[in-house]
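Asks: I'd like to ask some things about the structure below.
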Ligand SMILES: CC(=O)N[C@@H](CC(=O)O)C(=O)O
Ligand SMILES: [Zn+2]
């Protein structure tokens, strides 16, 4: 069938209606500005340590034709080794906080968010950085995890695929936090292609060499991917399995809001493993157990994350889904 035939025209119209642009398919500008954020939470020390290291030894993250800028995003929280001073920096990159002009009276992290947005954004604009890798640690047994905020960013899906292949046989999960109601306005969200790097388990205020090493190689593979992309390598269509966040689950609590049960031992450290209907979730001091009563198997993660007690979150339920990306290549080689 020729593309000029009436049937061909019909087909093109159908393809156009489906939102597929055949001519520009997968053609993306070169990556020119990349930021590596550490200390978004001041007590997650792998990212703080790596960013401080790279501020002195920039050669390790340098890539031809790319500005790679390491940056401590919450210096006061880093100094005090706390998650935040006034409010969680990784929740305040919404348009209202970013435009609030109560200068002088602003909570520290809101002022800091505005400063970061003017240096690396503005969020949603053409001047925003191309990629931001934001480095976090978790007290949960998640291993290496990449956090995606969009299921349709082909560049990021391809980058996740590349990092996963490079890490093997070490696992590298991908968590998709796109769900309305669960999604939050992250520091990295000001970039065109935001990626969270979450590695655990590591206690708050502690650095473990194994966790540090995993975080370091994830960043290096991400930079390698961007370099190959800029050099004109075409990445063929791919698919990745991701864990899509469904909902947060809180601990059982008493009338005062205090915990009345803790994570059950058979769920502790079992991030990414199936939780089936009837499986234990929590156990109280009298030995009574709260069971999972849903109908579907789910995959819990962020199980017993220390920072989430105040957020009323014992773990998040996820489901496994497949994301696909079309082939991508750089349009400015
Ligand atoms: C433990 C931790 O801080 N996790 C991050 C996850 C993310 O960056 O999306 C957060 O809650 O902001
Ligand atoms: Zn964090």
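Glycine too: its Cβ is placed from the backbone N, Cα and C atoms.
According to TrEMBL, the protein has these features:
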- 198: active site, proton donor/acceptor (ACT_SITE)
- 41, 44, 136: Zn(2+) binding site (BINDING)
- 83, 198, 308: N-acetyl-L-aspartate binding site (BINDING)
- 90, 91, 184, 185, 186, 187, 188: substrate binding site (BINDING)
- 31-225: domain 'Succinylglutamate desuccinylase/Aspartoacylase catalytic' (DOMAIN)
- 239-320: domain 'AstE/AspA barrel-sandwich hybrid' (DOMAIN)
Asks: Relative to the mean position of the Cβ atoms of 83, 198, 308, the recorded N-acetyl-L-aspartate site, which additional same-chain residues have Cβ within 8 Å?
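Replies: Along the chain, the qualifying residues are 41, 44, 136, 137, 138, 139, 302, 305, 306, 307.
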Asks: Can you list which of the binding-site residues 41, 44, 136, 185 have their Cβ under 6 Å from some atom of ligand 2?
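Replies: Near the molecule: 41, 44, 136.
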Asks: Can you tell me which of the recorded positions 184, 185, 187, 188, 198 is spatially closest to residue 136 (Zn(2+) binding site)? Compare CA atoms only.
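Replies: Going through 184, 185, 187, 188, 198 one by one, the closest to residue 136 (Zn(2+) binding site) is 198.
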Asks: Give me the sequence-ordered set of same-chain residues, not including 90, 91, 184, 185, 186, 187, 188, with a C-beta within 8 angstroms of the centroid of the substrate site's C-beta atoms.
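Replies: Counting only non-site residues, the set is 40, 88, 89, 92, 93, 189.
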Asks: Return only the integer: C-alpha distance in Å from residue 83 (N-acetyl-L-aspartate binding site) to residue 185 (substrate binding site).
Replies: 16
Asks: If I take the alpha carbons of residue 188 (substrate binding site) and residue 41 (Zn(2+) binding site), what is the distance between them in whole Å?
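Replies: Just about 13 Å between their Cα atoms.
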Asks: Given the binding-site residues 184, 308, which one's Cβ is surrounded by the fewest other Cβ atoms within 10 Å?
Replies: 184
Asks: Taking the binding-site residues 83, 90, 91, 184, 187, which residues show a Cβ-atom distance to ligand 1 below 6 Å?
Replies: 90
Asks: Residue 41 (Zn(2+) binding site) to residue 185 (substrate binding site): how many Å between their Cα atoms?
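Replies: Between the alpha carbons of residue 41 (Zn(2+) binding site) and residue 185 (substrate binding site) there are 14 Å.
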Asks: Give me the CA-CA distance between residue 187 (substrate binding site) and residue 308 (N-acetyl-L-aspartate binding site), in Å, as a whole number.
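Replies: It is 18 Å, counting Cα to Cα.
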Asks: Using the centroid of the Cβ atoms of 41, 44, 136 as reference, list every other same-chain residue with Cβ within 8 Å of it (recorded Zn(2+) site), in sequence order.
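Replies: Not counting the recorded site residues, we get 39, 40, 43, 47, 83, 90, 135, 137, 138, 198, 307.
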Asks: Which of the recorded positions 44, 198, 308 has its Cα nearest to the Cα of residue 91 (substrate binding site)?
Replies: 308
Asks: Using a Cβ-Cβ cut-off under 8 angstroms and a sequence gap of six or more, which residues of the chain neighbour residue 185 (substrate binding site)?
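Replies: Non-local contacts for residue 185 (substrate binding site): 91, 92, 93, 94, 97.
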Asks: So which of the recorded positions is most packed in, judged by how many other Cβ atoms lie within 10 Å of its Cβ, out of 44, 198?
Replies: 44
